[in-house]
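A.B. asks: Structure provided below as structure tokens; questions to follow.
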Amino acid sequence: MIRPFIKWAGGKTRVLPDLLPHLPKGDRLFEPFVGGASVFLNTDYPRYVLGDINADLINTYQMAKNATKPFIRIAKELFENGNSLIEFCRNRDTFNAISDDEHMLKAALFLYLNRHCYNGLCRYNRAGLFNVPFGNYKKPYFPEAEIKLFAEKANDTTTCFVRADFREVLKARTINENSVIYCDPPYLPASDTANFTQYHHAAFTGEHHRELAAALLNVNQSRGAAVVISNSDTPATREIYQNYRFHEISVNRSLSAAAASRKKIGELIGVLEADQ
């Protein structure tokens, strides 16, 4: 199993044995919420369209694919002497201050922050500034091997990374009966304390889920694409995605505010067949 080089809340590495059997064969996989990219890394489609609304995440993936060696070199330099509160705050301030046009430095800093911040969270304030505090880890791991495997996979396949929300991704003209769509949107909360959906500075709400469900049903019925989703096992999930055939799984939560709260929770894999 290939592990992602980016840590991501709700990442799918641990549930791949449950998820992969429900992903049908096809000639192109669309992921409107690519997140940590573990599904991309561990499937064998010839073509991928990998989208996310988080511009920093997509830029990092593009740099890892298209400029692998300089990306590794610059990021590794940040890791070498960067494991202190002073250096973390300095690098976080630089990340928030530099232009999005500085693609390489922005990507290297994003990886640095991802591996040095608290719990590997990706969180922004209302101004769009990254605001996760220092993680204070003994020695953050530099994922050089994982970056190289990611770049190899992205370059050995026809893979396109797009900064877009789910609406734009699902409008792609290339979606057809040979396409598979996998959606892993921010989870509907199983409790008030579990309500973290702000991987971008705009939160993903219940109304967004209803819009997503309608868009997926439309693309399934009008273009014949197979659709698979992941989400929390809640009454709201079952109601919003009521057209799906559900498979129940139990998952260890990998990112949370306290280690004591890391426990098994119920999740759903929902499937809309291509001929449904």
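Backbone N, Cα and C atoms are what each Cβ position is placed from, and that goes for glycine too.
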A.B. asks: According to TrEMBL, Trp8, Lys12, Asp184 bind S-adenosyl-L-methionine; which of Asp52, Asp93, Asp233 is also listed for that site?
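C.D. replies: The one candidate that TrEMBL places in that S-adenosyl-L-methionine site: Asp52.
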A.B. asks: Which chain neighbours of the S-adenosyl-L-methionine site, leaving out Trp8, Lys12, Asp52, Asp184, have a Cβ atom within 8 Å of the mean position of the site's Cβ atoms?
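C.D. replies: For the S-adenosyl-L-methionine site, the extra neighbours are Gly10, Gly11, Glu31, Phe33, Val34, Gly35, Gly36, Ala37, Ser38, Val39.
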